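Everything below concerns the one structure shown next.
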Amino acid sequence: MDFCFMIFYNSLSGQKEQFKPIEANKIKMYACGVTVYDDCHIGHARTYIAFDVINRYFKYRGYDVTLVRNITDIDDKIIKRANENGESTTELVERNIKAMHDVFARLNILKPSKEPRATETIPEMVAMIETLIKKGYAYQGANGDVFYRVTKFADYGKLSKQNLEALQQGSRVDVVEEKENPMDFVLWKMAKEGEPAWDSPWGAGRPGWHIECSAMSKKLLGDTFDIHAGGSDLRFPHHENEIAQSEACNECTFANYWLHSGMVKVNAEKMSKSLNNFFTIVEVLEEYHPEVVRYFLASTVYRSEINYSKENLENAKASVERLFNALRDIEPIEVNLPDDASEYEEKFIKAMDNDFNTPEALAVLFSLAKEINTLKTTNKYKASGYAYLLRKLCDVLGILFTDIEEYFKQGDGADASEIEKLIAERTQAKKDKNYARADEIRNQLQQQGIILEDSATGTTWKKG
């Protein structure tokens, strides 16, 4: 495939740019991962589905992708929550990592190439901090904590497009006497009694949040890599601080491209626990199928805000069912691809090559679905070729990953086990020649949107 014309918005430059990897046909990408102090929420799903789609698209375009997505497994929030729960930080972290992996798998998010934990990279963090101190970019305060000296880094604010003076004036950072400047941030924090701690030249303590990502990306991707990704809420101060640390330490560009995913709003309001509109992924999946949730979160351009509402989820559900229905009763066969199928794929690529425009890409999929539905009764051979292409392109977006009939059986309405019981009762009623009861059961299921199909081998069902 042609590698020349992919463009996307680079938060660092503030404009769309043609993508040029450091090494031909290879991409090194880092995505800030979850701080595992609590269950993952719908905002996490938005971010990691957005970057999963991008990762899948890079691979579809032929790139060899190394995606590093870290786990922050030591943090003030983790210590606080573990103390509140009366458990160790290890117990809390391990439980939440497992829960994260479980919900990400349900949403069909691919595993990253590498998934480092912050606690596995402590020596590299210490080494970076030592280098920053030697170069004059860091200092130790009176209480033992080590801070980054932001005034030393001339480019501070280049990602968030703010100069240091403006940041200082608008700063809500708590005044800490040990800091030379209110904007200085912690690199190494001295441990209090009973807290997890690691040895360092400055005393037992733990790393600051920002240095964790700088050290993990350096260790696994090198001093300079292609793409750094994360939620737009991390742009400042986290990503700004990563740049300051890494570029001061390594004396080279940190990441060439920065991708930031848009935030989730709930009924047009900011999602927050205080507004009682905060939803975990598990809570959302109790009401909607993973296919619907993934489609909904992937259907908006990755860097735009997305509005979480029942209406939008119901629309996503209808869209998923339209695509699944197109693939019903037709076997996708690659060798049956029509000559003009390439036109659909080219339109799909054109959409995704332009800043990963998933709404336009999905429009292509619905055009394909319409073509398949038209051809089902007139040219099944051609329809099966188009069905193969639809499946292929859906896989690039990570949608339609469930077996078709299983999806419809898991939809709203009667429980699958209850349906099977009623079908068994209906089968017995027919054997007993109690046709009135058999018809009654069929009608009962039909009212719940369940269609029965009788054959010589038995009765199957699907959601209509």
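Glycine is no exception: its Cβ is also placed from the backbone N, Cα and C atoms.
Lifted from Swiss-Prot, the feature list:
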type    : residues              : note
BINDING : C32, C213, H238, E242 : Zn(2+) binding site
BINDING : K273                  : ATP binding site
MOTIF   : 34-44                 : motif ''HIGH' region'
MOTIF   : 270-274               : motif ''KMSKS' region'
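In terms of DSSP secondary structure, the motif ''HIGH' region' (34-44) contains 3 helix, 2 strand, 6 coil. C32 (Zn(2+) binding site): 24 other CB atoms within 10 A of its CB, across all protein chains. C32 (Zn(2+) binding site) carries neither a helix nor a strand DSSP state and counts as coil. For the motif ''HIGH' region' (34-44), the model gives a mean pLDDT of 96.
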